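> The structure's right below; bear with me while I get my questions together.
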């Protein structure tokens, strides 16, 4: 097996990510069967002695094609590209085909928690493996091309491929000039021209409330029912600073997540969005709370189209383990200076979820305060009625006293 790996220039626009590289798998005769050219960023979380930690790292320039990569055998095995880097990390793409199309049938990532350069202070060691099917597919004898970000969610790991070119079952020694473009790169269908909107842009209606769940090896570890709205501030291509709100639409969103002993993660994604909500449990106090929020959002009119925001030191939506947190009032969680998360009709429970149902409710302070208002008004009205009644009785008594016989 031979390796051809050429470093490309770092991306100059947007955030700086790992260098792109060309990976080639050849058979015993030296004929290329798989070629791939992309840069990749990995996002995951891991446990440390001080609690869960988010980490993001790039596929480094020194990544290599493993000798275990294969062109496959007819009716026996499928081609596979295995890319190794660091201290025991491996990204694997396995291909399949039919008469007209080929695809990356499975993407697998094995990462070594003992690598202290990437996972400092990890409380776990050894290799962990995650995998997922993908939507990466193209016509036979054509190159799969995707300039837009391509995200693949593999359990607790999300990998983002950028400026991607992949071709399997090659008929020549290089990428085909004919391409199958990814859905993200295709032009949006034209819509009738609408009259200019007034400025500022009106806020969208309240988002749809939806129930999400995350299951682990021991059953459901996270229940979340709420409507979600993103409030982001960014600079547009014409250099204006704007603040806009975007609703998370459950109909266009896929969800998943992961569970561990002290960390439960809900992951929401669509073609332009990746939103992570991470709930943590303090074992000493048995308190459960929203600790981390991460947002990756593509903004077509932004100067930097890739908007990112993260905060892993929050303490929101708090309840005792085994209980659920409920709040009918709208809540705004300030994640960073440029991003806040608006939550509507919140009902959540992380850990100790019995039978996939919400446990005893702990009401939020906002709801308790809203209940105090009618109670206070009712008490004031009752007091006013009592005062009027006493005044009436005193007045009536004096009236009768004026007619006594002398």
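Keep in mind that glycine also has a Cβ here, set from the backbone N, Cα and C atoms.
I grabbed these lines from TrEMBL:
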type     : residues : note
COMPBIAS : 189-205  : compositional bias 'Pro residues'
DISULFID : 146-182  : disulfide bond
DISULFID : 221-259  : disulfide bond
DISULFID : 327-364  : disulfide bond
DOMAIN   : 23-169   : domain 'Lysosome-associated membrane glycoprotein 2-like luminal'
DOMAIN   : 207-353  : domain 'Lysosome-associated membrane glycoprotein 2-like luminal'
DOMAIN   : 373-404  : domain 'Lysosome-associated membrane glycoprotein 2-like transmembrane'
REGION   : 176-206  : region 'Disordered'
TRANSMEM : 371-394  : transmembrane segment
> Per DSSP, what is the residue tally for the domain 'Lysosome-associated membrane glycoprotein 2-like luminal' (207-353) in helix, strand and coil?
3 helix, 102 strand, 42 coil
> Applying a 10 Å Cβ distance cut-off over all chains shown, what neighbour count does residue 364 (disulfide bond) have?
19
> Identify, among the disulfide-bonded residues 221, 259, the residue whose Cβ has the fewest other Cβ atoms within 10 Å in this structure.
259
> DSSP helix, strand and coil counts for the domain 'Lysosome-associated membrane glycoprotein 2-like luminal' (23-169)?
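Residue counts in helix, strand and coil order: 0 helix, 92 strand, 55 coil.
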> With every protein chain in view, how many other Cβ atoms are within 10 Å of the Cβ of residue 146 (disulfide bond)?
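Around residue 146 (disulfide bond), other Cβ atoms within 10 Å: 22.
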> What's the CA-CA gap between residue 221 (disulfide bond) and residue 327 (disulfide bond) in angstrom, rounded?
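On Cα coordinates alone, these residues lie 20 Å apart.
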> Mind giving me a neighbour count for residue 327 (disulfide bond)? Other Cβ atoms within 10 Å of its Cβ, every protein chain shown.
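Residue 327 (disulfide bond): 22 neighbouring Cβ atoms within 10 Å.
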> Give me the long-range Cβ neighbours of residue 182 (disulfide bond): same chain, 6+ apart, Cβ under 8 Å, in sequence order.
136, 144, 145, 146, 148, 150, 164
